[in-house]
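These come from TrEMBL:
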type	residues	note
DOMAIN	1-571	domain 'Major facilitator superfamily (MFS) profile'
DOMAIN	413-467	domain 'Kazal-like'
TRANSMEM	40-62	transmembrane segment
TRANSMEM	69-90	transmembrane segment
TRANSMEM	132-157	transmembrane segment
TRANSMEM	169-196	transmembrane segment
TRANSMEM	216-238	transmembrane segment
TRANSMEM	307-332	transmembrane segment
TRANSMEM	344-363	transmembrane segment
TRANSMEM	489-513	transmembrane segment
Amino acid sequence: FFAVYHAISLTHTGTMIGGLTNTNISTLERRFGLSSSQSALVVVSYDVAFCILTAFVTYFGATANRPRLVGIGSAIFGIGAFVYALPHFLSPLYKFGDSTLTSNYISTPPDSCSPSNATNCLPTDQGLMKFMFVLLFGQLLLGCGTVPLYTLGVAYIEDSVPKNSAPIYLGIANAASLFGPAIGFACGGYILNNFLQKMPYISLLTSSSDPRWVGAWWIGPMAMMTASWILVIPLCGFPKQLPDKKYMYCYIILNLTRKDNGTGQIRAERKSEVHTNSKEEAENSELENSLKNFPTAVMRLFKNPAFCFLTLAGCSTGLTVSGGSSFMAKFIQNEFHTSAGTSAMLAGAILVPAAVAGHLLGGGLISRFQMETPAILKLCAFSSFLVACASPLLLLRCGNKAMAGITATYNRSNLTSGCNSNCNCQTEFYNPVCGGNGVAYFSPCYAGCPESSGYINSTIQVYNNCSCLGVNETAHAGVCEASCFKLPLFLGLALFMVLLTFISHTPAVVVSLRIVPPSMRSFAIGLEWLFLRALGTIPGPILYGSFIDSTCKLWQSKECGTVRGSCWVYD
């Protein structure tokens, strides 16, 4: 039963961390004016908390009631999800135009070309950036709450099942942790297709593909808060050591247990595959009796070459996977011209099942062929080699949409040109229009459009007499549509690479548990997770976010251009 609740907990935490957090990145950037580097700091704060607490929780929690610590962690996780959603309730209404967005916005064309336009810059919500720290604190609490689940919970299962069954249980646990992101991507994509707030001017944004669209990102974290608190009671109800099946009924009814039966017997029978001589057995016994020397325990693991190389390999994979998964939905959205909701559902529906299949396939291969440690290491090396060879194929992408002054020029690369120089255009708010020439403009003003001639289907505003367009050409609100056939090919290649990447994950965990003394397994898992975070999942999103920011061609302008917000157009 603990394995069931453990799998459910892994699924719901994965839904929040691996799914909802990643799908919300572009939405949070737009809502609070964050760059990709800043949103990456929010993402990695989860791993920072995990990294700091892991060694201590696993070291001192190895002799405590591990299921109870997992339950306490679930309660902390629920608090973190609540804090993460707080900015929605504390922030002012979302503005995406150059007015207070009343009915006048609909009757009067915004950002039209007029010499009488005010030359003073307009006020913006620069103060919204302070909510980045609330999001960051929420992620810190989420990281604190998951430490016992991913370390003590796994070791508790490992100590409670026979050796040949351990890979299956670990495979199920890893697969459950990836079903969560699948749910998160799917539900997050659906939620983001619903607007952030119910207001009378929603009709101004008729499509979720509009770059100004902000979905209802806060709903998911609130649901995860509820799920976390529900799981606290059953997790805290498990004993420090599971009794044997034939004593389970007595344990439940009379709370009677025997000291040497059940998982205690299983742990007594489990031996490390690499430590067999009498000297090491004496050291293991001494360490098991009293884990008082923390530095000594660390040095013993570092003197194990196989453990060190497996940890470094995990860091390399973690850097790539964390950075790629954090910005995958945003990458699809910008490179293949889809909405935030659609890109999230595509990423989840295609990539996450491949990761789950890889986990299950890796654990199944070990059990089916009864692989020993050398064979498992060869499997990990071969799959990593194939991934490295296929990586350049992911450079496949669609071309940029043409935008005047950004990716297409008015004879020069600048928003202002001779055709709109007398319009006194502002850049505080992005209001794109698509010209009849297939080129997008930052706003009707930058297209030189002085007036609106009506609506298409009563929703899409049309502008005419635009000085930057040809004679008799019109422009309509929104970005220009672009067709691209490369998205299915990209998703197919990504699916293949994710499958190969995660085939080696479960085998690597199994080897890490087999090559260390039984008394140090909890601590070894914790130390491995610490380095995986410090050298992999923490720098990964930051590096990817910084690289993405370096490709930005048009930044949101705040406070008269003195403050930079989120990016509108990437190259």
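Our numbering is plain: 1 for the first residue shown, then up by one each step along the chain.
Any Cβ shown, glycine's included, is placed from N, Cα and C.
At the 8 Å Cβ threshold, with sequence separation of at least 6, the transmembrane segment (132-157) lacks contact with the transmembrane segment (344-363), having fewer than 3 such pairs. In this chain, the transmembrane segment (307-332) lies apart from the transmembrane segment (216-238): fewer than three C-beta pairs between them fall below 8 angstroms, excluding pairs fewer than 6 positions apart. Residues 1-2, 5, 8-9, 12-13, 15-16, 20, 24, 27-28, 31, 67-68, 70-72, 74-75, 77-79, 81-82, 84-85, 87-89, 138, 145, 184, 187-188, 191-192, 194-197 of the same chain lie 6+ residues outside the transmembrane segment (216-238) yet bring a C-beta within less than 8 angstroms of a C-beta in it.
Below 8 angstroms of C-beta separation, residues 6, 9, 13, 16, 32, 57, 61, 131, 134-135, 137-149, 152-153, 156, 196, 217-218, 221-222, 224-229, 231-237 of the same chain, each at least six residues beyond the ends of the transmembrane segment (69-90), sit close to that stretch.
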